[in-house]
């Protein structure tokens, strides 16, 4: 009896080769990109439903970061957007090591020419000039080409007597271009001052994230400043500020809701309502003259 109790267990060994040859004929395959996990609530979302809902989680309302193509799709009347200045090429004025290669790699990966796309389109039949920043391109950092494209768009808006809408999404000035990137803050701000002198409307829509030199310049110069829900908006990072002033900062003090509460922005607009709100603001401005 004891001999049977402590006898060695026998196992069947299956080689890895045999496992690899085993085919699960009835196992369904799920194509890549069909399901997306919400990074806020953890819900697994069907990609097609998410796109129909403006890339917003239907459970918690989390606004996913979106790029230029999605913005154009959700904002403009169909087939009315015309891109400007897409041939302007990014240079390496400081001969920063690896910068040229990095730019080319990101261009191939994102199919974008730079961190901002500018152009003209129609919202509810009304023409507007728009600049859309995309955080997928070097975190939407502002270099000389970004500043040049936005400035040209504003100058063209003055010529055409059209309102300007800028969607911000940026980590700030591009370090690889040094002082030239910081110059773009003043350059764009100067162009916006001329737009203001002409009595033309400038609406800024702050999206997640809007930080650094972009926040310190044109992001906060709008006649009307809108923001998407729960967007990160600030200049320096929270930890940097806390270490500098040696004080604990309020929770979510760099979120759009906090900024609205303290009078830094005019309104928080869910993405699904943005086109309607912008159309109303543009129409009101046009009818005031």
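Just so it is clear, glycine is given a Cβ too, placed from its N, Cα and C backbone atoms.
Over in Swiss-Prot, the protein carries these features:
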type	residues	note
BINDING	38, 41, 57, 60	Zn(2+) binding site
DOMAIN	34-289	domain 'CoA carboxyltransferase N-terminal'
ZN_FING	38-60	zinc finger
**Message:** Return the count of C-beta atoms lying within 10 angstroms of the C-beta of residue 38 (Zn(2+) binding site), excluding that atom itself.
**Reply:** 18
**Request:** For the recorded Zn(2+) site, whose residues are 38, 41, 57, 60, find every other residue on that chain with a C-beta no more than 8 angstroms from the centre of their C-beta atoms, and list them by sequence position.
**Result:** 39, 40, 42, 43, 45, 59, 61, 62
**Prompt:** What is the number of residues in the zinc finger (38-60) that are helix, strand and coil, as DSSP sees it?
**Reply:** 6 helix, 4 strand, 13 coil
**Prompt:** 41, 57, 60: which of these binding-site residues has the highest Cβ count within 10 Å of its own Cβ?
**Reply:** 57
**Request:** Note the mean pLDDT of the domain 'CoA carboxyltransferase N-terminal' (34-289), expressed as a whole number.
**Result:** 96
